[in-house]
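Novice: Pulled the feature table from TrEMBL, pasting it below:
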- C:87-277: domain 'ABC transmembrane type-1' (DOMAIN)
- C:20-40: transmembrane segment (TRANSMEM)
- C:91-116: transmembrane segment (TRANSMEM)
- C:136-160: transmembrane segment (TRANSMEM)
- C:195-214: transmembrane segment (TRANSMEM)
- C:256-277: transmembrane segment (TRANSMEM)
Amino acid sequence: MREDICQEPLLVVNNLTLKHRAMAGSTTILRDVSLNLQRGEILGLIGESGAGKSTLGNAILGLLPPGFERTAGAILFDGKALDGMDERQWDAIRGRRISAIFQDHTASLDPLMTVGAQLEETILATNENVSRQDARTRGVELLRRVGIPEPRERYHSYPHQFSGGQRQRVVIAIALAGTPDIIVADEPTSALDATVQKQILRLLRQLVNETQVSVILVTHDMGVISEIADRVVVMKHGEVVEQDVTSAILDTPREEYTRSLLAAVPRLRISASEDRKEAAENSDGRPSRDEMIESDATAPILLAQDITKTFAGQGLRWFRKNARKSALRDVSVRLGRGAITGIVGESGSGKSTIGRIIAGLETAGEGKLEIDGTSFDISLPGRRSGLLGQVQMIFQDPAVSLNPRMSVGETLQESVRFGSRQPGDEKPNVAVMMDRLGLPRSLLTRYPHQLSGGQKQRICIARALLASPQIIVADEPTSALDVSVQAEIVKLLKESVVEQGVSMLFISHDLALVQELCSSIYIFKEGRVEDAGPAEFIFSHSQNPYTRSLIDARPRRFTR
Amino acid sequence: MMSTVTGRLSQAFLLLLVMSLIGFVGIHSVGNPVYNIVNIETATAEDIRKATIALGLDQPLWRQYVLFIGNVVTGNFGTSYIYHLPAFRLVMSKLPATLELASIAMLIAAPAGTLLGLLAGRRQGKPADSAILKASVFALSIPSFWLSMMLILLGAIMTGWFPSGGRGPTVSLLGQDWSFLTLDGLRQLTLPALALAIPNIALIARLARSGTIEVESQDFTRFCRAKGLSSRRILFRHTLPNISVPIVTIVGMQFGGMLAFAVVVETIFAWPGVGKLLIDSIQLLDRPVVMATLTFVSVAFVGLNALVDLFYALLDPRVRRSA
Amino acid sequence: MKAETILALWKRPMGHGPSLPKFLLGAYMLLAIVAPLIALQNPYDPLQIYGWEASSPPGTVGTGGFMYLLGTDGLGRDIASTILYGLRISLVVSITSTAIGALVGLTAGVSAAYFGKWVDVVIMRVVDLQLSLPTILVALIAIVTLGPGIDRIILALIIVQWATYARIARGVALSEINKPYLDAARLLRLPISRIIFRHLLPNSIAPAITLIPIELGHAVALEATLSFLGLGVPIDKPSLGSAVANGFQYLLTGQYWISLFPGLALFGLIASINFVGEDIRRRLDPRSRSI
């Protein structure tokens, strides 16, 4: 905390209650919310989906969509009430006094205008007596300040010519153009890879220190809060649960809800650094992959060797459709019987592609694949090579993983009926599986849109297990879920592997999750296996610089 | 960009081939054009035989087709059975009238539609929006031939403000005759142009409306407000350029559509354009002219689509770069 | 689509009765069905026509003692009866062609998406080619090739319509194919027919269903336009389009009713179809539901 704490706060929210009126009636979105913001501080607003944190951010910006209505309380900025102002009065506030950064850096910028022009128009709109020439000079200076290399040259580029992290830097530059007192940052790093996220947070902290701007940081991520927030407001269902300085919230939370949020965050465990050095000397920095394969005496259930896949030359239309899929180069993966093996990488690393190839959903140009001693020709479509049906998958987004026009019961029965059992094997029982996964049997007659995200993901797990596969590929199964639900799903996956005797490939971008679940780990980068080894080795002894940078990008607070 | 152009070209080529085959076989199956040329009452078998040979209709169908294709490659669609003029030249001579009509109609429809659409989109859910939406459904429900006739009834017969048909006096410019250069000519143009424009105003307005709603719901519009731009600047510098991409597409496609729908409007207003020529020729089984007209309109349509693609690239830097 | 959904579409929210367009559309259907029972005459039976009563204005009482409510045309046919009989043909032609066109187009589109490769190439080449031309032009080419007759018009309208359904269904099916639930279905190694009919088709037809009323309106308008141009329904059969055309030459001499009333009936029919279609689309498309 800073010494100017006793000053008059810059922004005060007093007992604010907001309702949303719709055809179906009115719902309370915010109830009796109070908080204040000091100059030059970063205030974190944290909560799970439906907490009302984004609504509060929008209310402070005067950007609530139609239908919202303030029924009690007030927002005071610099002593003046913000709500009830007309658009003209807002024009004098937005951009000049209060600005914003949104989550989706791609959607935040007009795709048809150069970033320079977008900066310039903001500078001209928010500052008096600025010539176009001055605006341009200032624009270049702002780009330089947010860390865009060669700002003068990049000034005339279009948004799509920047990387995701750079685009978010441009957005920050634009937010700063009117030298505002407050920036409302709504999930500013959630769409970015961990390493880039770290850099953007560092930039925000640096800008706050330099310019004394205040930041309201809306996020669902305790990690982000722990990295840069000075104080934290914990929200749940439109109400403030508790608020305090960050260290107090993290170390001595008073409320049960805060404790449960903190407990749900996966933590990375790293042994003392001396161990790491020692191990490095022993292994002479040799690639750990070989060691691992040699050390595993039993025959693996899955062995993929030197898989290579390119997307070029498959027709323009398909190429565009699959622009987000990544090519693979000489990828080898091995999965022990009854084990959970993790595949970690950032977006575009090819981690999902290898999962889909192993499941038989995609073909590959070269490489060998063996499941339980039987080899499959992965250059053929999965139905023809016989690979399809051997492996089941659990997908990232449960909202689109279930056929919306089939009831839960129909979906699960189909899985039982068409699953890959040997003749004579006992048919698994749907109801028993529902009990085991903690799902009420009454859900069997429901349709997917009537279920919560966590319930849907459990159904997906049940569907995969009911087909009695030997291997399950779980592709980011928790990243579309709230933290508290995430923890339950992880626990469930762990139990299922043990109870059902399946082996699992667990694909994730989250190191801590992988550490919690997996016995061995592959680190993917740009379509290649960058590092691999037993989990213990990777986290504590790996000397691979990319692995180290991934570990360093984790919030320190949740690493121990 | 090259791939788009070659794609369009191969599409046009394929189109021509299919069209020529269908049209050729089709007209052949419908009736024998000889009977439209000779006087049926007085003609002897000898007359009919001579006329058949003169038109080349004594040859087997496949040979007629090969001959036809060979001629088309050199730009020769044959000679009109009725007018005894080269078919292609006949079509070209009617083209200025149709182009003029369609252009004036689009000059009315594009700005009016865009404006109404923007208005409706910005006032989504308000009375102005639902009024424009309702009016657009009505406008799109009026069959164009009946709309033309009602325009004649209201604009010409009941009030006498505008002439009921024909092209009236023309002024020569660049070797072609045009109506829009004189006041009288413009009066002649008004009703048929309105008949073509009204459904297009509705179509463009609906598109502009949904485009406006979509663009305004996107994050960058919200960010523009958050960064302090006035709603006026957002409208003109951000919303309008972003909705112009789909609007240019529909304007290009509808311009081609107007060339085709001119068939109806020109017939009713006795406007001496390509559309009227087509209908007359179909009824008279004047195969060379039908083929030349259909081919021309199809090629013009594909050409317009190609132009729209090019324009797309000019408007959208993302397309420009990937090209 | 489930029966309740269709029922729910018909009912207005908060238990109001059917709206005006729905009522009008229902009335049109009913009139078309009972036309022979309520029409004064069969206007295309020469024995029932009195030539000397040609071009009577609305309200004239004729020889048979009946009042010509909407007047008679140039040949003495009762306009009200012509409209009733014309409605029958218009609706039969457009409903039949839309239904078959939708069926053909949906199957073709979903098949193209699922099978890909050459099936996709062949089907979509034809679709692209056809959709690159204005519908009226396609209809003209088709009718010129097929020749006159009611069955030919239906065929021509099917040809005009199927491509739109095929493109939409293929687009939707392609995006559905990329969704994980279909991956899950493939991972179970379900029979291809089960994947198509149980998983893919039910999720791909919803956008196509919203297309049906729009296309039905198009079909009615297109049939009328072709008949107006003398290329559609043969002249010895009643049609709203040719009824309007019959009055064209009388328009200039002030006998407006011959064209006005059949055209008005046609306009009302297309407008009520379009408004009902609009309503359905708004309810099925969640993005525009708030409008």
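In case you wondered, yes, glycine gets a Cβ from its N, Cα and C as well.
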Novice: Considering pairs 6 or more residues apart, do the transmembrane segment (C:136-160) and the transmembrane segment (C:195-214) have at least three CB pairs under 8 Å?
Specialist: no
Novice: Cβ pairs under 8 Å with the transmembrane segment (C:256-277): which stretch of C:20-40, C:91-116, C:195-214 has the most?
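Specialist: Comparing C:20-40, C:91-116, C:195-214: C:20-40 has the most Cβ pairs near the transmembrane segment (C:256-277).
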Novice: For the transmembrane segment (C:20-40), what are the same-chain contacts with Cβ under 8 Å, counting residues 6+ beyond its ends?
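Specialist: Tertiary neighbours of the transmembrane segment (C:20-40) are 10, 64, 66, 68, 78, 80-81, 84-85, 87-88, 91, 268-269, 271-273, 275-276, 279.
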Novice: Should anything in the same chain at least six residues away from the transmembrane segment (C:195-214) have a Cβ under 8 Å from its Cβ atoms, list it; otherwise answer none.
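Specialist: Residues 1, 98, 102, 105-106, 109-111, 113-114, 164-165, 168-169, 172-173, 176-177, 181-182, 185-186, 273-274, 276-278, 280-281, 284-285 contact the transmembrane segment (C:195-214) from elsewhere in the chain.
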